[in-house]
Every structure is written in structure tokens, then in C-alpha cells.
Amino acid sequence: MKPQLLTPLRRRPWTCRQCLQRLQRLQQQTRRSFETAASPAPGHTQVDYIPADASQSKKVDDETIRRVFDSQHFWREFSQRRSTQSKPTGLVQNQYLTSPDGFRTFANVSLQKCQAIVSKVLAASTLEEYRTMARDLDRLSDLLCRVIDLSDFIRVIHPDPRVQEAATQAYALMFEYMNVLNTTTGLNDQLKKAVANPEVASHWTEEEKIVAQILIKDFSNSAILMPPQERQRFVNLSNDISQLGSSFVNSPEPAKSQVVVNANSLRGLDPMLVQQIKRWNRTASVPTTGMIPRLALRSVHDESVRREVYLASRTSSARQLHRLEELLLKRAELAKLSGYSSFGHMTLSDKMAKSPEAVSNFLTSLVDSNRTLVREELLQLRNMKGSPLQPWDHAYYVHKRVMQYSQSRRSRELSAVPEFFSLGTVMQGLSRLFDRLYGVRLVPQEAAPGETWNPDVRRLDVVDEADRHIAVIYCDLFSRPNKHPNPAHFTLRCSREISATEVAECASLDQSSHPNDGMATAVDPTTKTLRQLPTIALVCDFAEPAAHGGRPSLLSEHSVRTLFHEMGHALHSILGQTRLQSISGTRCATDFAELPSVLMEHFATAPSVLSLYARHWETDEPLSERMIQSMERDRTAHGSIYGAVENEAQILMALVDQEYHSRPADGGRIDSTALYHEVAQRHSSLPDPAETAPPTSWQGFFGHLYGYGATYYSYIFDRAIANKLWADVFGAGRAAVDRAAGERYKTEVLRWGGGRNGWQCVAGVLGPSNASNADGRLVEGGDEAMREVGRWGLGRDGVSG
């Protein structure tokens, strides 16, 4: 998450270098003890993907990571060994979180530290005090984030209601305090004095300068500079927007809840579903929300029924449209109050795009680059129908084409693909890939009692080529009752340099006190300073392995890509270790944050990467070249059926988002339906008919208009950049495991976190010889750079059946 000024988004007890060396020796002994248990099953053909000069412990780690995810028996032995030898610890090693009451202590201790920093900043008067101000405020932000980010995660993921409630209270306490700080004018005044003083700013590192500007921007966004009356209006508008947005997202409603048709006209729809919705008088009530209308549009043969269901399912209630239009008006007024011409201009001012005009340039350029592919797809569907295609025909004829393809091309091989994608082999493949590209790998680590929130959570330590510990990942990947099903990456604590002053302060407070609350730290070998290491949680909802041997959790190709996507976010956190937490890892511009994760999806099915991990769970046979080619043909075939039209739909949504949020505050009431149809008529190849009464108003179901207001373009923007990097840096897969390509990407993009302008990252990784970056045209960004990214296009990648 990113609150304003002090922005939240994690460590074993602090030790000296000698202690770290002892710990490494202990880890090596532990790994050796598992060497026998981790060996391949008898009869398996073992192909060694580890370099010949690799250490024995590295080979054991490589096999162990597969077993801890695939074998419940092995996992029980592995996890219980630490449980019988270690003292209990707190959640994610946080020394306070050994019980629900610990959340209150954690929040209060952090609050006291925050208050001490605030007092120091407000009292600053000497040159030296102003020179430490950027770091002081970054530490203040970190203290808030420590509580807010971790509590926010635990209250959602922990199965114990008492822990959930305690985490919620800690979250609320610190969030309320953060809001107080965001309106503390003295902090803003002092920071501005520091920035304006050349004798201060000249002593700051580039990171400190960037963080200072970020904090000033955050203060500005909280209306801190406004007179009291205007500030109160700002607060009121913000509250109104929050309430309207929540209602808009949580209460979508169609104008009609159902469409009544003759039951006999539903031929093609599953007869069991027809029976569920059939009424006594031979009619059927087709609901206009949920799965049934989507299935009807795919399968009902009668075009008139499809038309009626389509129009009704895309027409919102007047009440829902009123919520949206009030939300847009309030946002426009908020922007005007803040000195911006529109909400889009306010939101985009610190993004790569900078302005709504630049986003529109990107999107219209993307429409042009996608148009030929769309026409090809629609022509194929029109030929199937034999007459002009209508919007309500698309899903129906796409489904027919997919079924034809499946019957004619899909072989038994494709249905067997998940047999080669056990969760353990995929995690093993990720570790091998990271080792090849970036010189880091994933090492299973036994968690201490109390460290994880559920017994099936696996802990992975990330280590570099010198076996130095650089990050912690908690993998909560298996399904359980009441667990949120959506895959996600959470940064529980950002990386950051811990000053000697903080270490001394901790020692003076309490013998048991720890400068990182007990969570993972390491000594930087270059600067000899203590660092808090990034601590990450990956959450998915995969099936558990069989309890007593047998079949592990097998993933579909889509699930493999999802896991690679989330690990792309984690990689950004792992390698983007800055000295200040405000710009570490994924804390970058919204329209740059998805680049590492989207790019990682390309690696998932690249042949050279598949050779690192895709092996049959039972026989250990590798995925054959023929099967890899079949997967590629399958993706290409599905992409050619509907990939470009799906891309156009995403582009259209982004254009609608920009149109809504670029309206000036004094432009009067917004007719969201008229604007939606104007955009669709200009840019959609298959727009909704505008002459129906009432006209369709699909925008009422577009919940992302609240959460991603003015930034919905970000994902497809990063997709376009990722496609370019995949082609030009990683050779469209030919250099997918090439160390030079990986180092180039790490050096120019990942290691900076949010400490470098995104355009500089893109220009740097492409290099000056790349035609798209001729004369360094991308470095400064701007309208033409946005158009250039639009010309790169989206292709049809990412589509699989």
C-alpha cells in the first residue's frame, strides 16, 4: 500500500559478522542432514542442471526446494526438525508478535519511536540536523510501514480471529497517527527549509534528494498548504470520494436483474442450467449478472436471445450511474482545489506518463498498432457467421472456433502438460532461473515455532553467490478454508540501511531490543553497515499435495504464468535494495510497477527456461520438444482467435478512464454514458449500438474506475514495455537464461527500485544503439516517448486456452 507522506508497503535477530558466519555453518550442516532425504527417488533419471563447480550444499538446496513443495512427508520431516530444536519466535520473526497482545506492544513501541523522530525534526535548527532530515523522515516512514503493512497482511491472512482483531487494531492506531502526520505543517516546513538550503542539499545522496521530493509531494497531496477552510473542504471531499467509491465497487447493479425468454430459445445452453432458471409457464429468467449470462452469450444459438442478454448485462441502474458521476465530479473538484486542471493531471503528475494527453497519445498509438490484428480476428468470425458480426456474436463465435480448434489440434499431450508442472518443480525452476540470470537462488529454511501463520507456509531464504542472505520469502501457496483465493505478492518489510545511531539507540533502550524488531538483517559487505532485508509473502490458492505420498500439486500453464508473475514482483523487492525504504523494491511509479512481473511471465514458457524445470512429477522425464511446440502452437492459435480483440477491450477501458478523469471541474455534470459511447464509436471495432433505449452503460460495472482512477492504462503500458524488453534484451527467449542479459536488466532496472526515473531505466536497458532509443529519445519521456511505446504494441502474447 502507499499512504501519503509516510508510506507503508521485513528478519532474524541482529548479529555481528562472526555470528553470521556461525549461522552459515549451521545452515550448511542442516542442509547436509537432508542430503539423503532430498535425493531423487530410485529409478529416476537425474539430469544435473547445476554447474559442475557448484557446492554440494547448493545441489542439496536445489533438490530440497522441489521436495518441500511436492512431498508432504518430506515437508513434515523438514519443518519439524527446527520445531524441536528452536525457541519460539514471533510471526515472521517479529519479536513482539508472539501473541495477539503483541500487536499492541509492537504498535506502541513503534509509535514512541515515531514521536521521537517528529520531535527531532520539528526542533531541528543546525546544519547537521537539517542534513539528516531526509533520512530521519524516511525512517519515520519505515516505522509506520513496519506496523501498517505487516498488520494489514496478517489481518487478512491469519486464520485466528483473535490475531486478526489485534492486527486490525494495530493497523488502525498507526494509520490514524499517519494521517495526523500528513497534516502536521511543521514537518513540511522543516523539510522545505532543508531542500532549499544548498549547504544541506549538496551533502545529500541522490536517494535522499529523491525521497525528499517524494515526501514534499505527499505533503502537498494531503492539502497541508491550504488555508483551514479549504483544507476542511479537501478532507470532506476525500471522505465523500471514499464512500462513493466503496459503494460503486461493492454495489454494482444492472437496470434489469433478469431477462425473461422462451425456454426453448435457450438451445445450446447447458440443459442443467436451463432447468435451474426455467419457470412454470415455459419461460426462463436469465440473470443479467454472474456466470449464467456469460455462458449464454457463448452457447445460446438464438441470436435474438444473445442480443437481449448482452444489452441487459451491459446496462447499469440509474443509481449506480449516479454514484459514478458523483465520484467523478468530486474528484474533479478535489483536483481543482489542489491547483490542477483535472483529476487526471493531478494523479499523473508523478507517473512516467506525466499527463492525460501523454496517456492518450500512448493509447491511440496502441489502437493503431493493434487494429490490423483485430480486423483479422473479426474477419474470421464474420466468415463463420456469414453476415455482419454484432457485439453479442463475438463470444459465441469465439467459443465455436476454440472448440473446433480443440477438437482438431489439441492432443492428449496438452492435457498431460500439468503432469510436468508440479509446484515443486516450478519453484525449483524459478530458483535455477534466478541463479542463471542474477546470481541469486532460493533456499528452503526451516521456520521457527510461531514464525508462520499456518503450518503449510514454507519459508525460503534468498542468498547470493557468496551465500550471503539477502531476503526472506514466505510462501503461502496452498488452498485452505476461508483463505482469499486471489494470488498476490506482499512486501511485509522493505529493505533499508540501518544507521549506527539506530543500533546504539536500540542497545540503550533494552537488552532484548532489536533494530529491526527481530526480523532478518545482514551486514552489507561493501559499506559494513547493517541492513534490514526485504521480507515478502507470496499467496496463491493451489491444491495441496496428497497427504501420504503420491501426486503433488500440479499447475496449469495459466497457474505457472501467475506464479512467475507474482515472483516478478518479489524479484523487484529482492534486487531493488536501496539505502532508503521509501524507494526500495516495488515502491516506484504506478505505471512502472508491473514491468518486472509482466516480463517474468514471458520466461515461464520459454523453451530454455522450461528445460530448467518442466519434468514429470513421477518419472522425472523432461517435457519433450514436441510437447513444448504443441504448447506454443496452442497459445498462438488461441491468440489468433481472440487475443487482439481482448487487447482492444483493455485499451478501450483505459481510454474511457482517461476521458472521465480528464474533465475539468467547471465542466458541469458528466454524462458518463454519452462519453463512453463517444470513446467506443471512435476506437472500438465492435462497439455497442448507441441507438438502443436505454443505451448500454457498461461503465457502471467498471469497478477499477475507483481503485485505478486515471491509471488503468498502467498494466498495458508495462505490457508493451515488457514485450519490447523480451524481444530486444532477452532475444524473444533466445537469451532467456543468458547471464549478460540478466545482469543488464538487473543493473538498469531492478536494482534501482523506485530510485531512478522509469524512462531512464527503459532507455538504459535498451541502450543507445536501439532504434527505438535513437539519440536517447526515451530518457526524458514525454509525449513522443509515450507514442513510441504505443507503437511497440501488445502482440497477442499472454493468451492460452
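Even glycines carry a Cβ here, placed using N, Cα and C.
Noted in Swiss-Prot for the protein shown:
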type: TRANSIT; residues: 1-41; note: transit peptide
type: REGION; residues: 31-54; note: region 'Disordered'
type: BINDING; residues: His565, His569, His572; note: Zn(2+) binding site
type: ACT_SITE; residues: Glu566; note: active site
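Sequence features annotated in Swiss-Prot and their locations in the structure.
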residue	record	Cβ within 10 Å
His565	Zn(2+) binding site	20
Glu566	active site	20
His569	Zn(2+) binding site	22
His572	Zn(2+) binding site	31
Euclidean distance between Cα atoms of Glu566 (active site) and His572 (Zn(2+) binding site), Å: 10
Sorted by sequence, non-His565, His569, His572 residues with Cβ within 8 Å of centre, Zn(2+): His489, Glu566, Met567, Gly568, Ala570, Leu571, Thr586, Glu594, Pro596, Ser597, Met600
